[in-house]
Amino acid sequence: MSSTPVIGVLALQGDVREHLIALAAADAVARPVRRPEELAEVDGLVIPGGESTTISKLAELFGLMEPLRERIAAGLPVYGTCAGLIMLADKILDPRSGQETFGGIDMIVRRNAFGRQNESFEAGVTVAGIDTPVEGVFIRAPWVESVGGTVEVLAEHEGHIVAVRQGNVLATSFHPELTGDHRIHELFVDMVRAER
Ligand SMILES: NC(=O)CC[C@H](N)C(=O)O
């Protein structure tokens with residue numbers, strides 16, 4: 001059996017702690033990542049929810065934008081939730097000026113697509129590869145407007161794409177780290193194990 005994978009959580013902004021807890025529950029060694037040297041040491045990375053415009057600015061400031069783009073291109077398994085999904089999109093439909101993404105998934109996303117903060121909601125979501133619905137917590141959530149041919153759509157909510165995978169990159173519009181249901185984190189940890 002291979003050793004336990006080390007998975008980082010990008011800790012610039014957002015719900016870092018909840019992801020660290022969920023990853024530990026899914027049998028990974030989880031640690032925060034803020035610096036390029038820390039990024040170099042992980043087998044996989046989670047990009048949490050928060051505010052994608054802020055994560056984009058801080059990633060530039062901390063010198064993580066290019067190193068992370070390079071590692072994603074080189075096959076690093078990455079999982080993004082909500083703002084993290086936005087950061088993994090090759091294109092944002094409605095970016096703030098200067099807003100950049102890491103990219104990695106051939107998709108176009110729409111920010112705040114499901115409504116503003118007061119329109120946040122929970123819904124059962126059927127995710128390909130997981131036998132019963134997961135509880136989706138949507139907080140000013142984006143949806144995926146369109147995907148390229150090699151992107152797998154894993155889940156939809158009311159006709160909108162809310163979970164996708166392209167190769168080593170996984171993304172959900174919703175926040176499984178807030179529910180105590182660790183099945184999506186387990187799926188990601190399995191992706192990381194498969195790569196090692
Ligand atoms: N819960 C979230 O991560 C919200 C995402 C936020 N609307 C953004 O554009 O980054």
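Positions of Cβ are set from backbone N, Cα and C atoms, glycine also.
Site annotation for L-glutamine in TrEMBL covers Gly50, Glu51, Ser52, Ile139, Arg140, and the matching candidate from Arg17, Arg110, Arg111, Arg165 is Arg111. Report note: the L-glutamine site is defined by Gly50, Glu51, Ser52, Arg111, Ile139, Arg140, and the residues of the same chain whose CB lies within 8 Å of the CB centroid of those residues, excluding them, are Gly49, Cys82, Ala83, Ile86, Asn112, Pro142. Each of the recorded positions Arg111, His175 was scored by the number of other CB atoms within 10 A of its CB, and the lowest score belongs to Arg111.
Cβ neighbour count within 10 Å across all protein chains ranks Cys82 highest among the recorded positions Cys82, Ile139. Same-chain residues at least 6 positions away in sequence with a Cβ under 8 Å from that of Glu177 (active site, charge relay system) are, in sequence order, Asp15, Glu18, His19, Ile21, Ala22, Pro48, Thr81, His185.
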